[in-house]
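Asker: Sharing a structure with you now.
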């Protein structure tokens with residue numbers, strides 16, 4: 001006897017299973033089954049496809065008029081941080097740039113101070129609250145970065161919190177050491193601080209899967225970023241890079257040359273960088289909510305990347321300064337509107353390709369897969385990025401069990 005059948009599904013979203021990320025035109029290929037059925041046993045998918053009455057189960061969910069998809073994957077977050085920075089909104093309204101706010105002692109450095117002052121247990125409670133919000137919105141796989149400690153003690157504290165969350169909730173969660181995220185005030189120079197972070201790589205390896213660096217004007221140069229990435233690979237890390245967010249320094253090209261698993265942001269990436277994506281499996285993780293929140297007009301050139309047969313994914317970039325949202329559904333809407341992605345491209349970018357960007361087996365519904373699913377209160381898959389700003393996730397299913405039920409009920 002099976003454990004659960006989800007039946008009469010209006011649309012069942014079945015992203016293509018592949019060893020490599022979907023590239024170029026492949027991103028627009030999505031199998032959407034009308035009147036679908038999903039069968040689950042022992043936390044695994046037994047069947048997913050067109051309607052069938054050939055299976056029995058102890059529990060049945062009628063998903064008439066609903067969409068069912070793989071659980072979402074958020075491939076770029078800064079989940080563990082102390083404090084908040086709502087006071088910076090007035091500075092943004094005055095026209096202050098991100099780098100200007102950073103030079104004033106705000107930005108990342110403000111969060112660094114708050115994170116350093118927050119105990120590990122309090123940091124855990126805050127991050128847990130934010131993670132549960134993500135789960136309620138349909139996310140069951142997350143990447144979580146450090147980068148707000150900027151010293152040994154506090155970088156380790158962030159990574160330990162991230163690992164504790166993964167263990168408590170048994171999530172598909174990857175952890176990223178982003179020690180070179182900014183340069184703390186106490187550092188004698190960028191170069192000296194970078195060497196401190198490189199020296200930490202062997203110690204943080206037990207808590208982190210990836211090593212990341214912020215390659216940007218006023219932070220770390222292309223040459224410094226390459227040095228760090230090479231040292232990280234020597235220490236056994238797969239590497240990522242925050243690249244070309246503000247200035248076209250060539251971070252995307254560097255990521256491809258160093259065979260990074262992903263390059264993230266890429267708002268200012270050059271045509272040369274986009275062309276190099278053609279022969280690379282590095283995933284371009286685009287973060288349109290960041291551009292939206294910062295009030296900028298120029299978004300990452302997703303269409304240019306796809307035209308060059310690149311692989312792209314979408315993520316929230318959840319952080320307290322430049323993307324204060326942990327709702328990946330909102331990112332889906334912004335991507336459709338501002339990056340000009342089709343609904344199919346959006347869905348693949350938050351499922352199978354996002355999973356490839358953090359090297360996990362998720363984002364698909366195939367026989368034998370973990371039964372990590374979302375039942376959406378929406379008539380079709382196009383509706384979710386169309387009707388923006390609310391939570392469409394009705395039920396979130398982890399390992400075949402309903403762990404979130406957002407069904408609304410009112411008392412008169």
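Numbering starts at 1 and runs along the chain as displayed.
Yeah, the Cβs are placed from backbone N, Cα and C, and that goes for glycine too.
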Asker: Out of 317, 359, 369, 377, which one does Swiss-Prot list together with 76, 78, 242 for Fe(3+)?
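Answerer: Looking through 317, 359, 369, 377, the residue Swiss-Prot assigns to the Fe(3+) site is 317.
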Asker: According to Swiss-Prot, 319, 321 bind N-formimidoyl-L-glutamate; which one of 47, 55, 148 is annotated to that same site?
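Answerer: N-formimidoyl-L-glutamate site check in Swiss-Prot: besides 319, 321, the record includes 148 out of 47, 55, 148.
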Asker: Select one of 129, 175, 181, 227: the residue that Swiss-Prot places in the 4-imidazolone-5-propanoate site alongside 85, 148, 245, 322.
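Answerer: Record check against Swiss-Prot: 4-imidazolone-5-propanoate site with 85, 148, 245, 322, extra candidate from 129, 175, 181, 227 is 181.
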Asker: From the binding-site residues 85, 319, 322, pick the residue whose C-alpha lies nearest to the C-alpha of residue 76 (Fe(3+) binding site).
Answerer: 319
Asker: Starting from residue 242 (Fe(3+) binding site), work out which of the binding-site residues listed here (85, 148, 181) have their Cα within 10 Å, and give them in sequence order.
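Answerer: 181, listed in sequence order.
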Asker: Within 10 Å of the Cβ of residue 85 (4-imidazolone-5-propanoate binding site), how many other Cβ atoms can you find? Include all protein chains, please.
Answerer: 20
Asker: Of 85, 148, 319, 322, which binding-site residues are close to residue 78 (Fe(3+) binding site), meaning a Cα within 10 Å of its Cα?
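Answerer: Among 85, 148, 319, 322, the ones whose Cα sits within 10 Å of that of residue 78 (Fe(3+) binding site) are 148, 319.
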Asker: Within its own chain, what residues at least 6 apart in sequence put their Cβ under 8 Å from the Cβ of residue 321 (N-formimidoyl-L-glutamate binding site), listed in sequence order?
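Answerer: Set apart from residue 321 (N-formimidoyl-L-glutamate binding site) by at least 6 residues yet with Cβ under 8 Å, we have 85, 88, 98, 101, 106, 107, 108, 110, 111.
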Asker: For residue 319 (N-formimidoyl-L-glutamate binding site), name the DSSP secondary structure in the helix/strand/coil scheme.
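Answerer: Going by the DSSP assignment, residue 319 (N-formimidoyl-L-glutamate binding site) falls within a strand, counted as strand.
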